Amino acid sequence: MSVTREQPPAASTFARVGLLMYLLLIVYASLFPFTGWRDNGIAAQAFLYGPLPHYWTVFDALTNVVGYVPFGILVAFAAYPHVRGAGAIVLALVAGTLLSGSMEAAQTFLPTRVPSNLDLYTNVTGSLAGGVAGVLLTPTFLEQSRFLSLRRHWFFDDAGRGLIIAGLWPLAQLYPLAYLFGHGQLATILSDWLSEWLEEPFDLAALLRGGLELTIEQNWLAETVITACGMTGAVLLLLVTLKPVAPRAPLALLLVAATLAAKSLANALLFNPANAFSWLTPGAQGGLLFAGVMLFGLSFAPPVAQRRIAVLMLALGLFVVNLMPSNPYFVATLQSWVQGKFLNFNGAAQFLSLMWPFFALWFLLHPTHRMKRK
């Protein structure tokens, strides 16, 4: 008589990688823009003993709480199964306190940031709430549950990193981009840094183009290529994590729909509701169409081919977007950017927008992932 044994609890690679990436986002958002460091004679811990800020809003306080809730959840998930229950809650509280306290102390030396004990209190509250939520959600997401059964049935065992990166694709749309899915446009930032360092204008994109000026038609074509490459690469990244029995088409459509919805919502909030669909330019429409056609055919390709084509698409998109000159229409649109309420998140959003294709390429090219499922 055979006895069915439950699988022992296992650590979640998904949660641990997610915690690391979320930690990097918090650090980037807290210390952005990383310039002007100076010692003003104030002790790093002085903010702890000062009075509460005179000027603050409920929105700012709630934002600080909500921003650390995922951190607390991920700490609880990442510690499982070694630390559970009350221990996981305490761990999330301590980790959130140390992280937030370190960030506030570091802000003492940044002229554009103001350390605040209220920020510390609200961040710690968010970490505590996240730790409690993480413990309550552990049976649903990490133990024997329908969600975990679907995860094991639809996705390969080593898909955790790829799922995180695919899940970050919609969030990467929150920062304004000159071109739909035009992530990784480092040439503009590097040009600004070089111009400041050389004390004269420097355009890296123009140097890469050899001084060639693009026509309107060439700009449209380039935007089509950028959009098509970005969408194809992102969806193929998701597909290589899926087992053959998974509902591949619905999941791919859900990812694209969530990404475009995030893009529209971000445009409406950052600019104004009339700009919600300003990303749907003729070039973007063509790119979405071409990507849809390519993905229809590539969905039947073997995983190794999907992986290689995803790398090619993402690399091509990176190359083209860094050749592009400044988009005057995009620059004009930025004039209506309402940054005030979301100022603390602009740094994290920009970081994710710039680095997402490199995260994706890291996953696709990592030897551990390339050698499997050939």
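Backbone N, Cα and C define each Cβ position, glycine as well.
Per TrEMBL, the features are as follows:
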- 14-35: transmembrane segment (TRANSMEM)
- 20-132: domain 'VanZ-like' (DOMAIN)
- 55-78: transmembrane segment (TRANSMEM)
- 85-103: transmembrane segment (TRANSMEM)
- 123-142: transmembrane segment (TRANSMEM)
- 163-182: transmembrane segment (TRANSMEM)
- 220-239: transmembrane segment (TRANSMEM)
- 251-270: transmembrane segment (TRANSMEM)
- 276-297: transmembrane segment (TRANSMEM)
- 309-325: transmembrane segment (TRANSMEM)
- 345-365: transmembrane segment (TRANSMEM)
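Only residues 6 or more beyond the boundaries of the transmembrane segment (123-142), in the same chain, are considered here, and those with a CB under 8 A from a CB of the stretch are 9, 12, 15, 64-77, 80-81, 84-86, 88-93, 95-97, 99-100, 148. Listed as Cβ neighbours of the transmembrane segment (309-325) (distance under 8 Å, sequence separation of 6 or more from its ends, same chain) are residues 178-179, 181-187, 203-206, 208-209, 213-214, 219, 222, 225-226, 228-230, 232-233, 236-237, 240, 298, 301, 357, 360-361, 364-365. Long-range contacts of the transmembrane segment (251-270) within its own chain (CB-CB distance under 8 A, at least 6 residues past either end) are made by residues 154, 166, 169-171, 173-176, 180, 231, 234-235, 238-239, 242, 276-279, 295, 299, 337-339, 342. Between the transmembrane segment (220-239) and the stretches 14-35, 163-182, 276-297, it is 276-297 that has the most C-beta pairs under 8 angstroms. Here the domain 'VanZ-like' (20-132) has, by DSSP, the following mix of helix, strand and coil residues: 76 helix, 0 strand, 37 coil.
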